[in-house]
Amino acid sequence: MAIEMLGLILAGGQGTRLGKLTKDVAKPAVPFGGRYRIIDFALSNCANSNVKNVGVITQYQPLTLNAHIGNGAPWGLNGINSGVTILQPYSSQEGSKWFEGTSHAVYQNISYIDQQNPEYVLILSGDHIYKMDYEAMLESHKEREASLTVSVMEVPLEEASRFGIMNTDDNDRIIEFEEKPKEPKSNLASMGIYIFNWKRLREVLVNGYSKGNPIEDFGGDVIPAYIEAGENVFAYRFKGYWKDVGTIDSLHQSSMEFLDLNNELNITDKSWRIYSHNDISAPQFITEKLKVKNALVGDGCYVDGTVIHSILSQNIHVQEGTTIEDSFIMSGTFIGENVTIKNAIIGENAKIGDNVEIIGEDEVAVIGHGEIKGENKNEQ
């Protein structure tokens, strides 16, 4: 049975710039916002945009990510006419090969895409924080009779050299793509979100690989090839909150912005919920000694200290005399007595002993998943 649009989430990134936080976890599986993982935003956008069939292409350290996604039930992707499929590298008669780029990952999964038989494919990155209506983007794609639509957003011109930049005509037709140009001509940055007519993209990928001219990356290879061939390539302008959380600084910044309930993410918006897979935990327990200001505290937490402008995920134990400020603490962490944590990210299941100071001064301080720092005489 044919479907109108298939979602493909590229979730195999190693995320080396996140250091300790991606040592054993794929970047899209890194926790965010107290109860989410980064990939929840792309999956929730699909669910809210009526994209009911989604393939998640994984590669690096997929176990946590696979367990989190499961059968897709938290996002409503487990119905008769919907589904989420985990797509990992595999062996065939031609041998086995790791994905060598974004478009190569799609090429390696042509058989899955053909089984879904979509008219359009929606290509997404699994490591961005944003809320977006993909149906509106598809309508723009169809109205313009585009072969490829690239979602873009305006960035300050002085920062444009950090992005892939789309140069357009007066009708937003893309006439040139520049990857991180030293002297950008435009401030329209690619968001790594694409809608392709599947029949044409399939043809381009197959022709390239069959003729020994591999097309490995959407930004570096596919978009320039489409423009050079005179295809209808258009920019779709997105206005809203969007953050690439691929560095420690950007992850920390976005986490702190998440504490502002008036930000453009608006997690309280019932019309566009962000869904996630969460284990059932006991209610949080707040002692009479707790001092809290502008913070998110998850289920299962025991807090007996001071929490200021911070996020505490689920099942965190904070003992007496401890102060946490401007920090993101991931789930399962134990923090002892008289600890000071400021401008930091603490990974899942870490153990912080008594009287320890973790203070990010010139840069954000990071404690990895399961890392132990100091000793605690009363660990529970």
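Heads up, the Cβ atoms here are built off N, Cα and C, so glycines get one too.
Keep in mind it's a predicted model, so treat the numbers as computed, not measured.
What Swiss-Prot annotates here:
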| type | residues | note |
| --- | --- | --- |
| BINDING | Gly164, Glu179, Lys180, Ser190 | alpha-D-glucose 1-phosphate binding site |
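Feature map: annotations from Swiss-Prot on the structure.
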| residue | record | Cβ neighbours (10 Å) |
| --- | --- | --- |
| Gly164 | alpha-D-glucose 1-phosphate binding site | 21 |
| Glu179 | alpha-D-glucose 1-phosphate binding site | 13 |
| Lys180 | alpha-D-glucose 1-phosphate binding site | 12 |
| Ser190 | alpha-D-glucose 1-phosphate binding site | 21 |
Span of Gly164, Glu179, Lys180, Ser190 as binders of alpha-D-glucose 1-phosphate, largest Cα separation rounded to whole Å, comes out at 11
Reading the DSSP string in three states, the entry for Lys180 (alpha-D-glucose 1-phosphate binding site) is coil
Under a three-state DSSP reduction, the secondary structure at Ser190 (alpha-D-glucose 1-phosphate binding site) is strand
